[in-house]
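J.: Shown below is the structure under consideration.
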Amino acid sequence: MPREFSLENTRNLGIMAHIDAGKTTTTERILFHTGKIHKIGETHEGASQMDWMAQEQERGITITSAATTAFWKNNRFNIIDTPGHVDFTVEVERSLRVLDGAVAVLDGQSGVEPQTETVWRQATTYRVPRIVFVNKMDKTGADFIYSVKSIGDRLGAKAAPIQLPIGAEDNFTGIIDLVEMKAYEFDGKAEEIAKEIEIPADLKDQAEILRSELVEAAVEYDEELMMKFLDGEEITIPELKQAIRKGVIGAEFFPVLAGSAFKNKGVKLLLDAVVDYLPSPLDVPSIKGVLPNGEEAERHADDNEPFSALAFKVMTDPFVGKLTFFRVYSGILTKGSYVLNSTKGDKERVGRILQMHANNRNEIEEVYAGDIAAAVGLKNTTTGDTLVDEKHEIILESMVFPEPVIQLALEPKTKADQEKMGLALSKLAEEDPTFRTYTDEETGQTIIAGMGELHLDIIVDRMRREFKVETNVGAPQVSYRETIKLPAKAEGKYVKQSGGRGSYGHVVIEFEPNVDKGFEWVDKITGGRVSKEYINAARVGLENALTNGVVAGYPMIDVKATIVDGSMHDVDSNEMAYKIAASFALKEACKKMNPVILEPIMNVEVTVPDEYYGDVMGNISSKRGLIEGSEQRGNAQTIKSKVPLTEMFGYATELRSFTQGRGNYTMIFSHYAEAPRSIAEEIIKKSGK
């Protein structure tokens, strides 16, 4: 079956924003205009097409990235709708990894908000080209120029408007296109019929100034045009579009559009901008990977190259079972064929291939380079795994996910719930790499850990709804960590003789702090003093030992371990003995390494009316918070600070009470830092160590 849409006419894009910027409504309008839905669902009515999980419809927020395929003016869009709540940044992270471009939606009244900064940073990490849609221009207090300025001020990004709104708030009626210097007025109906009008006289001067600034900014990305511009020649409209496109594709320049998705104004022009400025799979750099021999290699967006893809999301569908979402980077995949999971070394059969519209499924025969689809039948594939043609092995760059910062204990309500709970938790952990579950060895309780209170609320809710498991939930606890402050060298020896075959394991390991780099293992054993299989066993044993720190039993992080020596016994050596020996070496070394407890520190931004500014500053300081600065926004103040997570439980209620419900805050994980002695002593006391 031949490809229906060329690669040039394909766009893989994400819609990203702060919670409540109107992102899901914008996506709804896009799906309406691209012919995917025939009745628009409003988020505040709980009827949105993309928010298809029951919890999303109740809470009016987007939790999982629903992937959908849509069509616009002979172009195919694969759209990923991503969540705007900080507890779900993993969803944003994994979407950005497989996208070629994104639309960042801002609230026209607030401009750049804290979660916008987080998502923007993630997009910058993956060098994702972006265009910006300033939404809610009909809202009281909407200010387009302020919003554009906030992109430069708060994100340090080079942005310029390519549109100018006509009016604002209730008087927002249309848009001036600064590239073509045309003005449009909207009728406000769902079809978004735009009538071309004269540029209003009171905006003509401003539009001309903004256009000349746009031309000046855009020609920087095209040398030939720069020369033409400096020679005083006229830059044509196609040339200007080409220069803007170059700047966008390089993730260096960010054009800004205006509109109101809810009031049906400006979304069709946004779709045109996606085609004009965001890249096709051919415009972005080829994906890199590693061959079995360790050499670096690339895969290009080409149907004739060997098949390679990255699994970026796993979820359980009530009708078809396990669904694995994947992005094809090269080649073609046909349903019913076998693929190699090169990350795990497993061969798997792709039963069916589905293209998704929110949670509706269309079965397709083949999927091509540059496409996004979901596979049924992959049993062992998880997020971040590479899928390839088994004759052409490669492992593509994977994804890195943050550690959970909050945990709580779960107890099943009945015996029947207990039997189902284990299965439910393992399925949910398979879907979400930032969700962990384990059994506390001392209490026997089941512990779940995640990125925030809302994250864990939704996990518990999903267990009840999807798996019919009722649980009692304990109070949230902070996920502390441990680390070392000094280097040390230690020997670990495990020898057991009990008649017949014994056990023998012996290693010498050098440990040192590895700040912010996680666990690192280095093998410096020479001359075959310890065989490779026993060295690997020592590594596994050490990693297991690190999950239970010596200070208070919390996982130890940021440790570099170098195995430098050891010995073997011809008969008695076995893998288990080396696992135990490595754990002994760690225990011995910890006596000299000054192990300490780390606590999660959060970036906290509080926005309050001016009259509460002093109260909030005092309150944050009383929570061991470090105030980093404040910013005036209208008649409100935004205070930026870093506060230990343990001090932030119940803060929503606290803030509500002393600001009469007029304050709000956002909290995002920043880093782990050493806990003060008094706090550490309290933690150790509670742990019973």
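Using N, Cα and C of the backbone, Cβ positions are placed for all residues, glycine too.
According to Swiss-Prot:
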- 8-282: domain 'tr-type G' (DOMAIN)
- 17-24, 81-85, 135-138: GTP binding site (BINDING)
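Describe each of these features in terms of where it is and what it packs against.
T.: Counting every protein chain shown, the number of other Cβ atoms lying within 10 Å of the Cβ of Ala17 (GTP binding site) is 28.
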J.: Using a 10 Å cut-off on Cβ-Cβ distances across all protein chains shown, tell me which of the binding-site residues (Asp20, Met137) has the largest neighbour count.
T.: Met137
J.: Should Ala17 (GTP binding site) be counted as helix, strand, or coil on the basis of DSSP?
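T.: DSSP call for Ala17 (GTP binding site): strand.
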